[in-house]
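> According to TrEMBL:
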type     : residues : note
TRANSMEM : 42-69    : transmembrane segment
TRANSMEM : 81-99    : transmembrane segment
TRANSMEM : 119-138  : transmembrane segment
TRANSMEM : 241-267  : transmembrane segment
TRANSMEM : 287-309  : transmembrane segment
TRANSMEM : 345-364  : transmembrane segment
TRANSMEM : 384-401  : transmembrane segment
TRANSMEM : 467-487  : transmembrane segment
TRANSMEM : 493-510  : transmembrane segment
TRANSMEM : 598-619  : transmembrane segment
Amino acid sequence: MKFFSYILVYRRLLLIVFTLLILLPLPLILRSKEAECAYTLFVIAIFWLTEALPLSITALLPGLMFPMFGIMTSKEVASAYFKDFHLLLIGVICLATSIEKWNLHKRIALRMVMMVGVNPAWLSLGFMSSTAFLSMWLSNTSTAAMVMPIVEAVAQQVISAEAEVEATQMTYFSGSTNQALEIDESINGQEANERKEKTKPVPGYSNDAGKISSKMELEKNSGTNSGNKYRTKKDHMMCKLMCLCIAYSSTIGGLTTITGTSTNLIFAEHFNMRYPDCQCINFGSWFIMSFPAAIIILLLSWIWLQWFFLGFNFKEMFQCGKPPTAKQKACAAFIKQEYQKLGPIRYQEIVTLVLFIVMALLWFSRDPGFVSGWSALFSEYPGFATDSTVALLIGLLFFLIPAKRLTKTTPTGETVAFDYSPLITWKEFQSFMPWDIAILVGGGFALADGCEESGLSKWIGNKLSPLGSLPVWLIILISSLLVTSLTEVASNPATITLLLPILSPLMILVKGKHFRCRKIALLELFCYQLKVQTLAFSSGFRLEKKCRQAEAIHVNPLYILLPSTLCTSFAFLLPVANPPNAIVFSYGHLKVMDMVKAGLGVNIVGVAVVMLGMFTWIVPMFDLHTYPSWAPPISNETTP
């Protein structure tokens, strides 16, 4: 038993050592650059999937292994670790730092919830909409961490109001002379609402609603999950619904913009590096492509979660003119109270909001596609100004624009200004900057460059060529399901970083003109999968003359890469799948099976909507039916 306990303690170290040793015959026996690069790729993939080492430390391995194997020099590998992506990330983090520092995110979230009302269904939709909107510009993790305390307080307020209503009804039936429930909405600065219930004591319930609320708040803060935390099963279901609404909408909102999540940024940088002549993936084109998909996924996910936990009662939801219940009034009062605590909008919030709008407008108008953008002003240097140029310009302004004056009192008692404080400081920026993501992305770029230099990408493309006998929609579906499954057990950035160099060669697919050619191709694929390719030749399978003239189908690379990138974010099943899931799970309302059952439906919705988009509105945007001129030319010859 002591031996097994040591194994358990040193399991990560043992995994690292055994991974390096077990895969070592690959470069030692084959002795080719492709095999050496494959060894590096497999080692990094296993370390990323198991997190035996921190993700960012694993991302540094190409800088060590590629020079040792003679694939790339240290100078070439080092240059891959800092790209245009990092400049874009720096500008975006400057914006996010200012938004969170001056509480603009909280004001936006509360205001949007106040607009939709306090009916449980509409309240969940309001939280989902505001969370998704914030996640378009902030990281998914910080969005979920910001909104979840508000949601938890609102949920507890609803439960408390329900207890008050039930206590009042019990007092009425026990013969009390005062049946009224008074809710005082006196909001003065930082003071909370005081709710007074004028009833006689009822066994099992307190007359003081504040005590009920305080008790529940204490239970929440202490992390307890006692039996009296939920009065009814419906209360528990409502808490689960609210939690998952925040987790899923923070992920869905990140799909909408290139800067919304790190996977989008990684894809954009990888694609623009691999196909520099394309110039078709920018902030505006990505938004137009993904915004309809995100809206559809958000609405369908809301309907699914509402039906799964509380039931979807259309009649109750759309009853106009129905007076709000007591608990709805209490919930609305709490949200209004939290909003008024913020006070009137401040100068710093206004400046941040203006810079935020200017950044978005400059991103959209740089090269919208249907008209000439402001980048045409620099026609002598086409392609020089990118989205990162805009992000850096606005990001620098956050360090220049004064937020408040710094004053001091002179010996004579006079107050004078001696300096000013900018909207954000470098120390605040550093605390928000995700350096681990920056290193992880750099490692992915280095890994992709190594796959190209060693010829591994070309080798993988040749081995995957039998997939050309399958319809394009089936190839997209298989790759989407593969990515969606893998991202549940690995981090989203690690998944997309690992798969982009592998999925890119799928752009070249060979498909027979005639049915017999396709049939033989399928047989050869079957034989190859069983690793008995010789069976195809020993059995007398020979391509006929017609099949030798099979045409090469040049598939637009975006056909494979776009759905795979979007599906990388569909990590909805497990608490460890992504940080927003872990944040909402930590509040103690959910079980793992709750997330698995609810997340499975959202996963199916997400993949289905992505597949729908790939064959409807996305096709004319990027002209996916034609092989683009910006992709490398491919020979039409086929291997007999």
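Each Cβ is built from the backbone N, Cα and C atoms, and glycine gets one as well.
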> Which sequence-distant residues neighbour the transmembrane segment (119-138)? Criterion: at least 6 residues beyond either end, Cβ under 8 Å.
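Hits for the transmembrane segment (119-138): 92, 95-96, 99-100, 105, 108-109, 112-113, 144, 146-147, 151, 154, 158, 238, 241-242, 245-246, 248-254, 256-257, 259-261, 294, 298, 301-302, 305-306, 310, 312-313, 316-317, 328, 331, 356.
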> Might you confirm whether the transmembrane segment (287-309) is in contact with the transmembrane segment (598-619), defined here as three or more C-beta pairs under 8 A between residues 6 or more apart in sequence?
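When sequence-distant Cβ pairs are counted, the transmembrane segment (287-309) touches the transmembrane segment (598-619), since at least 3 lie under 8 Å.
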> Counting only residues 6 or more past its boundaries, what in the same chain has a CB within less than 8 Å of a CB in the transmembrane segment (384-401)?
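Counting only partners 6 or more residues beyond its ends, the transmembrane segment (384-401) has Cβ contacts under 8 Å with 84-85, 87-95, 97-98, 258-259, 282-283, 351, 355, 358-359, 362-363, 366, 375, 378, 422-426.
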